[in-house]
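**Q** Handing you a structure now.
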Amino acid sequence: MNGHANGATNGDVDSSDWSPSSWRTKPIKQPVLYENEAKVDQSRLKLRHLPPIVTPTEIWKLRRALAEVAQGKAFLLQGGDCAELFDYCNDNAIESKIKLLLQMSLVLIWGGNKPVVRIARMAGQYAKPRSSPVEMVDGKQVPSFRGDILNGYQPDQRDIDPQRLVQAYFHSAATLNYVRAQLASGIADLHNPMDWNLGHVADPGLLEKYSTIVNSIRESLRFMRTVGADTAGQLETVDLFTSHEALLLEYEEALTRKLRHPSNRTTTTTKTSPAAPKVSPLTGGALLNPALTPTTSPSNSGYYNTSAHFLWVGDRTRQPDHAHIEYLRGIENPLGIKVGPTTTTPDLLQLLDLVNPRKEIGKVTLITRYGAGKVDELLPAHIAAVRESGHTVVWQCDPMHGNTRSTSSGIKTRSFDAVFAELAAALRIHKECGSFLGGVHLELTGDAVTECTGGSEGWRDEDLGLRYETFCDPRLNEKQALELAFLVADSLRAG
């Protein structure tokens, strides 16, 4: 995949050498080798002529919401499948995830007493990084499954197929179309929260907790109607944004457009204030005193990735001098950066300066994934370093990826207790550091799968075979996800 930089520039990027294709001049991790470049060109040309899946107005609506999260005025809930399949593009699968995210957000609103920003790992999460290009299936070595956008899960479908690039677009567009239709049809109407059927959740304790919250909402709405203050139109729907890992740059480049900035675009930056400098309790160094300053763009247009509202870079592809960061630094979308045990403080600060040189609030979400046993050691230093750098970020905890393990029979799983332990530790550490946890990032499904052990159902390793359906990493089932939301809500409410 060779290419060149064409010299185009985004007015908001502090460099004149960026273009949607300039990533091709950099080394790349997780490369894709297509056998037929002519077919790749056909798919790329088709994608460039298709309409955007998301719009700049929607992207900036999310950026403004994330700026509220970064300042502690809202909470971020992000969740969905580890690896989305084309087969998940059906009404039942989509609807179950919408309802679960709505239920969880309702619980978190109750716990934190603040708005919740909802982002689904959906409508585009079709590419997955792999630690090896090959794997053993039934004693035979085959190419690894790298997501439906590249190849199929069945062993006889492992050849890389460039036509899947276009298929990914249409499945993403169809998924988001149904999401929008359901939200417009009142699925999120707070006047009828019990219509968000709890499906597979049969635990009396969880049902009672959820019903208590719902009844409280009903009483409040009844009072608002009585006094004539029921703003019904604001309670009948919510925003649900989409996200995926920006892994396959061939696809991301083809859906990057230079578009006029929308009217709702406003940026706020953090700058150093000379008044009353504070001292970091962790490093002893001076803390920047944030002064929020509205800024204007020198250009009336910018480059937007129109495949999703929010994109993130993973632990395997976030090298500062490599292709993925080169691509991400030039787009207007809000970005996530996975931060793990191998993330050094200098690299983290360099990444922030590269993708957000103007220190715009709401632009970057740091998705921490240390593992329950390492979060106490690593998170405080990262919080202190970012604070002293002058960047105001969204701190989001991903308690899933750092707590993955294999059973004695080789089944990949995660312990619910370890997941909650890292999340609870992150909440505590942020409070101790004078910071705050802005959100959670979870791999979950609305189905009654048995992929993670623990939780109130007490699943053990030997129970995983009952309904182990993931094609990549293990997900929380509906009951475990809702239970986790209640535990987080209790912590927020206590704080």
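Glycine is no exception: its Cβ is also placed from the backbone N, Cα and C atoms.
Feature list, courtesy of TrEMBL:
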BINDING   Cys82, Arg369, His401, Glu443, Asp473  Mn(2+) binding site
BINDING   Arg121, Lys338  phosphoenolpyruvate binding site
REGION    1-24  region 'Disordered'
REGION    260-281  region 'Disordered'
**Q** Determine the Cβ neighbour count for Cys82 (Mn(2+) binding site): the number of other Cβ atoms within 10 Å of its Cβ.
**A** 20
**Q** Just to verify a number: CA distance, Glu443 (Mn(2+) binding site) to Arg121 (phosphoenolpyruvate binding site), in angstrom, no decimals.
**A** 8
**Q** Let me make sure I understand the structure: which of the binding-site residues listed (Arg121, Lys338, Arg369, His401) has the fewest other Cβ atoms within 10 A of its Cβ?
**A** His401
**Q** I want the residues beyond Cys82, Arg369, His401, Glu443, Asp473 whose C-beta is within 8 angstroms of the mean position of the Mn(2+) site's C-beta atoms, in chain order.
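**A** Result: Asp398, Met400, Thr404, Arg414.
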**Q** For a quick check of understanding: among the binding-site residues Glu443, Asp473, which residue's Cβ has the most other Cβ atoms within 10 Å?
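**A** The largest 10 Å Cβ neighbour count belongs to Glu443.
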**Q** Taking just the CA atoms, what is the gap between Arg369 (Mn(2+) binding site) and Lys338 (phosphoenolpyruvate binding site) in Å?
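**A** Pair distance, Cα basis, whole Å: 7 Å.
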**Q** Round to the nearest Å and give the CA-to-CA distance linking Asp473 (Mn(2+) binding site) with Arg121 (phosphoenolpyruvate binding site).
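**A** The separation of the Cα atoms works out to 14 Å.
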**Q** Hey, how far is Cys82 (Mn(2+) binding site) from Lys338 (phosphoenolpyruvate binding site), Cα to Cα, in Å?
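**A** Given the Cα positions, Cys82 (Mn(2+) binding site) is 14 Å from Lys338 (phosphoenolpyruvate binding site).
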